[in-house]
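As given in Swiss-Prot:
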BINDING   Gln37, Ile97, Val98, Leu99, Gly105, Asn137, His142, Leu143, Tyr144  CoA binding site
DOMAIN    12-176  domain 'N-acetyltransferase'
Amino acid sequence: MPTPGTGSVPELQLVPFQLGHFPILQRWFATEKELVQWAGPALRHPLSLEQMHEDLAESRRRPPLRLLWSACRDDQVIGHCQLLFDRRNGVVRLARIVLAPSARGQGLGLPMLEALLAEAFADADIERVELNVYDWNAAARHLYRRAGFREEGLRRSATRVGRERWNVVLMGLLRQEWAAGGAGND
């Protein structure tokens, strides 16, 4: 089981998500498209704490089904990310990864992702980490490839946002690839 708060890199530390972080997170999504890009189609704009109750409940189970993290720099919340556990199969899904608009473009995406991967693989039973990303999100796909993820498949027309249909790319990283420093597959 990952130890909360151990995933840190220079200038950035992951800390367990607290209810006091929610108002900060909520401000980062001005439109439905921004919210769906982050959370998938399950949540509705505007984001409300009530919508996150299921995530929070899953984080309180023993063992937790989900861990919610805030990324902090200089005691300021500048990001959010989650781990979803499929312990039976030794798989973790990275989910709901976002940096504050003011923190983007500063090279913080990879350190946050590396800290999150360290948390995921701290559990010796985890063999695989995977994620979904929309195919049009070239910056995120590039970041994930830099961290060692490989594109493994495409779910066409998987998400509806208004009148648009978005394709979803499945990406995965195995423990041995991560341990070997799988970064640089871009």
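Any Cβ shown, glycine's included, is placed from N, Cα and C.
Around Tyr144 (CoA binding site), the same-chain residues six or more apart in sequence whose CB sits under 8 Å from its CB are Leu113, Leu131, Val133, Met171, listed in sequence order. Around Val98 (CoA binding site), the same-chain residues at least 6 positions away in sequence with a Cβ under 8 Å from its Cβ are Leu25, Trp28, Trp38, Gly79, His80, Cys81.
Ranking the binding-site residues Gln37, Gly105, His142 by the number of CB atoms within 10 A of their own CB puts Gln37 at the top. Per-residue confidence over the domain 'N-acetyltransferase' (12-176) averages out at a pLDDT of 97.
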